[in-house]
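*Asks:* What TrEMBL shows for this protein is this:
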- 35-56: transmembrane segment (TRANSMEM)
- 123-140: transmembrane segment (TRANSMEM)
- 146-164: transmembrane segment (TRANSMEM)
- 208-225: transmembrane segment (TRANSMEM)
- 231-248: transmembrane segment (TRANSMEM)
- 260-283: transmembrane segment (TRANSMEM)
- 353-372: transmembrane segment (TRANSMEM)
- 397-414: transmembrane segment (TRANSMEM)
- 420-442: transmembrane segment (TRANSMEM)
- 454-473: transmembrane segment (TRANSMEM)
Amino acid sequence: QQKDEGEVKGGQHEQEESSRAQSCVKAKGLSAFRVFFGCLASVACGMLYAVYLSTYHDRKFWFSTRQELEREITFQGGSGVYYYYYKRLIAASSFERVTLFKDHRLCLFPLLPLIKQDFVEPIYFYIGAVLGLQAVYVTALFVCSWVMSGTWVAGMLAVAWYVINRADTTKVDHAIPLRDNWALPYFSWQVTALTGFLRNKIGSSTEMFCYLTMSATTFTFLLVWEHSHYVLFIQGFCLFLLDSFDLVPPRKMADIHKVYLSSLFLAYMFQFQNTALLSSPLLSLLIGSVLASENCFQLGVSHMGSDFILKFLEVKFGLNTTTDFVPNFLLCQESFQTPGQDLFLRLTQASVLPFYFLVLAVCLLSALQAIYRRLSGQPLCKTYSLENGGIGEKPEVVYHVFHTMLFGGLALLFDGMKYLWTPYVCMFTAFGVCSPDLWMTVFKWLKLKSIHPVVLSLILSTAVPTIICFSLWREFSPRVLAELSELQEFYDGDTVELMSWIKSQAPVAAVFAGSPQLLGAVKLCSGSAVTSLPLYSDINLLKRTEDTYQVYAMRSAEDIYKLLTAQKTNYVIIEESICNELTINKGCRIKDLLDISNGHIVYDKGEIYSFSKYGRFCHEIKMNYSPYTNYFTRVFWNRSYHVYKVNSVISFQY
């Protein structure tokens with residue numbers, strides 16, 4: 001009988017083991033199906049977004065029906081300069097390509113994979129590559145929100161918010177070839193890999209995959225954008241805070257430091273010993289985090305002296321004033337101005353901002369609780385479960401709290417920083433509303449007893465994003481689709497006429513002077529030498545820009561002639577839009593900045609007037625009288641532009 005009982009118990013045990021094995025297989029199969037479906041959804045979102053951008057771009061500029069010159073004119077300012085060098089790299093020999101990469105101040109490495117192709121027109125291949133990277137960007141945001149929340153619904157919601165708030169999340173709509181459009185997709189994957197690496201519950205193989213992905217994307221990000229080390233400095237500071245509060249294992253922090261240091265070294269070598277990386281704030285932070293007692297934070301910047309940066313920040317924050325043209329000119333650029341209230345109004349209308357504040361408040365308070373317990377010597381839960389309700393104990397969540405707060409603070413000061421903040425607002429908010437952990441944390445604080453909090457948190461983490469998605473679809477999908485059906489007219493006939501004249505009439509070796517934005521188009525469309533470029537990270541270029549802009553100041557013909565000949569200028573282009581500029585913010589007009597810098601401002605009874613014994617050059621030269629005709633000869637004009645040849649021999653005819 002005992003033998004029979006033993007056989008029965010053995011059979012039951014075998015059945016239980018078999019049942020558990022079957023359950024494990026089913027769970028793994030279900031998990032694999034969810035991962036497959038989530039990956040499929042993320043890739044689909046990225047591809048659909050790229051197709052949408054391509055269609056929108058063609059509708060906006062009538063791109064497919066334009067001639068080559070008209071297409072190139074749509075690349076405004078700095079984006080035109082970048083595409084110009086892409087064209088040069090295609091036509092150059094291998095030696096000339098190395099020379100371009102080594103000698104020029106632009107980061108041309110993103111163009112390297114695009115050089116050898118002959119099956120598509122260069123301009124279409126170039127645009128397609130940029131839009132493809134935007135698909136990569138959106139996919140990374142999807143995956144990051146999915147990894148943090150555990151559901152691919154969060155990824156869908158993050159992408160929806162990103163697309164709806166496209167005016168504030170990306171500049172690719174109106175300036176495709178900008179360098180940051182090349183770089184930010186790599187940064188988004190770096191953040192995603194870092195998020196996975198920081199998680200406590202992660203397998204060794206997954207951790208290694210995240211580490212390798214983080215290493216590759218950090219290096220690529222540093223390589224393709226000259227401002228990337230500033231962005232990584234802010235990220236590194238977020239990680240420094242996590243390390244200071246002992247929220248991340250020392251082993252992982254050491255691995256992250258290795259990634260930063262190795263990426264900086266490789267980027268330094270690949271960029272032909274770029275000394276700006278050696279004096280970068282990121283490197284100073286890494287050294288300082290190891291040797292904190294030495295207090296060795298010495299910030300450096302590329303192409304600009306630290307004194308100039310300090311002076312610029314003092315003026316920005318109202319600690320000082322200056323009459324210098326360059327800092328005032330930079331402060332008048334949209335990227336350096338304080339964002340308007342319309343930014344927050346748009347984010348509120350898309351429902352992302354209210355939920356963002358809710359998610360941020362819950363995560364921040366929970367993180368502060370975790371930090372307090374850590375500083376008090378209380379251990380944190382090593383095995384996190386939904387019942388614990390402490391979302392702030394997750395290192396990846398605390399990192400994103402610091403990340404979004406720091407970049408948000410910068411976005412409040414500089415409008416251009418919103419493109420580094422709003423995409424992660426969309427991602428972070430989508431994670432929060434879809435995360436049962438967040439709702440469970442709230443219910444634990446409220447000590448909810450009437451309904452089981454775990455069940456309610458699971459219900460809300462599904463119901464709330466479903467309601468949000470339905471609301472967004474109902475309100476914004478007609479608007480997004482309408483953008484594809486509207487045919488917009490973009491044709492700048494005067495600029496086309498100017499570029500055609502330069503290509504057909506101007507000598508090949510001629511040097512042109514003008515505004516940086518226009519010279520970017522001149523460089524792209526004609527290949528002519530120019531005195532300045534729309535690159536605002538080089539103080540020497542900015543000084544040359546100031547000299548060129550003097551044609552809009554109240555200076556004598558002789559003064560302007562000396563400034564232009566010092567730059568070896570053959571032709572100067574005067575723009576009616578700058579000469580007769582009428583804006584509400586008068587202090588940011590080019591001629592106002594020049595009058596202030598040149599000391600041509602008179603204050604009388606609270607009013608500001610411009611005064612000089614000379615008239616404004618751009619007006620006076622059009623009168624066609626001496627001494628202006630002695631130094632300059634008009635060779636082309638239309639409604640928008642006047643081109644004057646700088647006489648090599650001065651003619652004193654009266």
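Backbone N, Cα and C define each Cβ position, glycine as well.
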*Asks:* Would the transmembrane segment (231-248) count as touching the transmembrane segment (260-283), i.e. at least 3 C-beta pairs under 8 angstroms with sequence separation of 6+?
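*Replies:* Touching, yes - the transmembrane segment (260-283) and the transmembrane segment (231-248) meet the threshold of 3 or more Cβ pairs under 8 Å.
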*Asks:* Are there 3 or more C-beta pairs under 8 Å linking the transmembrane segment (420-442) with the transmembrane segment (146-164), counting only pairs at least 6 apart in sequence?
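*Replies:* In contact, yes.
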*Asks:* Between 123-140, 231-248, 353-372, who has the most Cβ pairs under 8 Å to the transmembrane segment (397-414)?
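*Replies:* The stretch I would name here is 231-248.
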*Asks:* Which residues of the same chain, at least 6 past either end of the transmembrane segment (420-442), have a Cβ under 8 Å from a Cβ in it?
*Replies:* 137, 141, 144-145, 148-151, 153-155, 157-158, 161-162, 165, 168-170, 184, 188, 191, 231, 347, 352-353, 355-356, 358-360, 362-363, 366, 386-392, 394, 400, 403-404, 407-408, 410-411, 453-454, 456-458, 460-461, 464-465, 468
*Asks:* Under 8 Å between C-beta atoms and at least six residues away from its ends: which parts of the chain pack against the transmembrane segment (353-372)?
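*Replies:* Distal contacts: 245, 247, 344, 347, 380, 390-393, 397-398, 400-401, 404-405, 425, 428-429, 431-433, 438, 441-442, 468.
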